[in-house]
Amino acid sequence: MENYRRTLFASFSSYIVQAICIDYAPLLFVQFSRQFSLPLSSLTAIVSITFLVQLVMDALSSSFIDRIGYKKAILLANALAFTGLTLLSFLPLIISPFPGIMISVFFYALGSGLVEVMVSPMVEALPLENKAGVMNILHAFYSIGQLVVVLFSSLFFFIFSTELWSILTLIFALVPLANFIVLITCPVRKLDEEKEEKESMLSYFRNPVFYLFILMMISSGASEHAVNQWASYFAETVLHLNKETGDILAPAFFALMMASSRLIFTKKDMDAEKILIKMSILCLACYLILSLSGIVFLCLLAIGFTGFAVGLFWPLTFTLSRRRMKGRTMMFALLALFGDIGCTLGPSFSGLISSSTGNMRSALLFSSVFPLMMLLPVVILTLKRKKESKLQKTS
C-alpha cells in the first residue's frame, strides 16, 4: 500500500479539483449578474451546462477509458479542468461574456465529469482494508474542496474585491495543474477484471435492483445541488446577507457539514440503508424549512444540515450498489451518469421555477420532492433485504 499512498492522495485532490469546477462559478453569480447584466435564466444555464457536459462525459467515458487506461484518463481530466478554468479567467472579458463563460464551463465540466467517473474505480482498485470508510473519506474531499473554495474566495474578495475574480480564477487553475504534475509519477492500478464478473451494460439494466440505484443516484445529485448551487445566491437575495457573510454562513457551512457527515460515517460495518432513511427525512425537513421559514438563523441551519444529510447520499449509494451488484468500471460509470442527471435536474429545476415565479423559496418547496425520491428506493431495498434474510433463516 505504501507505493500507492501518493495515488490515494492524488485521488483525494482530484475531488478538490472537481469541487473547484462545480462550486466556484456559483459564487460569482451575483457578480456576473451585475458586471455582465446576466438574467437568472442565464445563470441557470451555466449550472445546467456544467452538469449536462459532465453527463455526456459520463455516458461516453466508459467506451474509451479501458482503451487509454486509468492513468491517461485521470491526467486528461485534470488537463481539461486546468484549460477551462484558465479560459474562464479571461475569455468572458475579451468576447461576449455569456458565450465566453459557457465555452470555459464546457472544458472544465468535461474534466469534472471524467474525474467523477475515474476516481472511485481508481481508489476501489487500491489494496485497502476498509474500502467503505475510505470511499466516504474520498467523497469528503469534494466537500473539503468546496469548503476551501468558498473560504478562500471569501478571504480574497474581503481583502481585494469581487471585481478581481479573474485573478482568483487563475489561482484556482493552478490546482489541477499541480495535481496533473503529481499524477504523472503516481502508479495507477486498474480494477482486477479477472476477479470481477464481466458484465455488459445491458446486463445491469436487466437487474430490477439496478433501477433502484438509478433513482437513488438521480435523487442524490438533485437533492444536493438544488440547494448547493443556489446557496450563495439564496443567502444574498433572499436572506439579504452581504457577499462574504452569506458565503461563509451558507455554501461554506453546507460544505463543512457535508464533509463532516462523510468523515463521521466511515465504519466498515455501518447500516447504510438505515442511515440513508434517516438522512432522507432530515433532508426533507431542511427543504421545508428553507421554503417556508422566514427566520434567517433557522434557514442557515437548514442549509448546513442539508449538506450533512446529502453528504451520505452519493457514497452510501455506491457502497450499497457495490454490495448488491458486484460491479466494476461500467457500473461506476453508469451510476455517475445518473448521478449527474440528478445534478443537472436539481439546480436547473430550482432555477427555472425561481425564474418563472420570482421566488426562490417556492422553487425549494417544489424541489422537496427530491429527498422523497431518495427515501422510496431505500425503503424498498431495506424491505427486500429483510425479506431475503428471513427466507435464508427459514430455508
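Quick reminder: no glycine exception, Cβ is built from N, Cα and C everywhere.
Under the heading domain 'Major facilitator superfamily (MFS) profile', TrEMBL lists 1-386. Residues annotated as transmembrane segment in TrEMBL: 12-32, 38-61, 73-95, 101-119, 140-159, 165-188, 209-228, 248-265, 277-296, 302-320, 332-353, 365-383.
A contact between the transmembrane segment (365-383) and the transmembrane segment (38-61) is absent, since fewer than 3 of their C-beta pairs, 6 or more residues apart, lie under 8 Å. Two recorded stretches are said to be in contact when at least 3 C-beta pairs lie under 8 angstroms, sequence spacing 6 or more; the transmembrane segment (38-61) and the transmembrane segment (140-159) fall short of this definition. Proximity of the transmembrane segment (165-188) to the transmembrane segment (302-320) is not established, fewer than 3 Cβ-Cβ distances being under 8 Å for residue pairs spaced 6 or more apart. Highest Cβ contact count with the transmembrane segment (277-296) among the listed stretches 73-95, 101-119, 140-159, 209-228 falls to 209-228 (criterion: pairs under 8 Å). Panel annotation: around the transmembrane segment (209-228), residues 23, 26, 47, 51, 146, 234, 251, 254, 258, 276, 283, 286-287, 290, 303, 306-307, 309-310, 313-314, 317, 320-321, 324-325, 335-336, 338-347, 349-350, 364, 367, 370-371, 373-374, 376-378, 380-381, 384 of the same chain, lying at least six beyond its termini, place a Cβ under 8 Å from a Cβ of the stretch. Within the same chain, residues 10, 14, 17-18, 20-21, 24-25, 36, 61, 64-65, 101, 103-112, 114-115, 117-119, 122, 166-167, 169-170, 172-173, 176-177, 179-180, 183-184, 188 sit at least 6 positions outside the transmembrane segment (73-95) and bring their C-beta atoms closer than 8 Å to a C-beta of that stretch. The stretches the transmembrane segment (140-159) and the transmembrane segment (248-265) meet in space: the count of Cβ pairs below 8 angstroms, excluding pairs fewer than 6 apart in sequence, reaches at least three. Long-range contacts of the transmembrane segment (101-119) within the same chain, counting only residues at least 6 positions beyond its ends with a Cβ under 8 Å from a Cβ of the stretch, are 11, 14-15, 17-18, 21-22, 25, 32, 45-46, 49-58, 61-62, 65, 70, 73-74, 76-85, 87-88, 91-92, 138, 176, 332-333, 336, 339-340.
The domain 'Major facilitator superfamily (MFS) profile' (1-386) scores a mean pLDDT of 87 in the predicted structure. The list of residues near the transmembrane segment (12-32) in space but at least 6 beyond its ends in sequence, with Cβ under 8 angstroms from a Cβ of it, reads 38, 43, 46-47, 50, 74, 77-78, 81, 84-85, 88, 97, 101, 105, 108-109, 111-112, 115-116, 118-119, 137-139, 141-146, 148-150, 153, 162-163, 165, 169, 172, 175-176, 179, 182, 228-233, 236-237, 243, 247, 251, 255.
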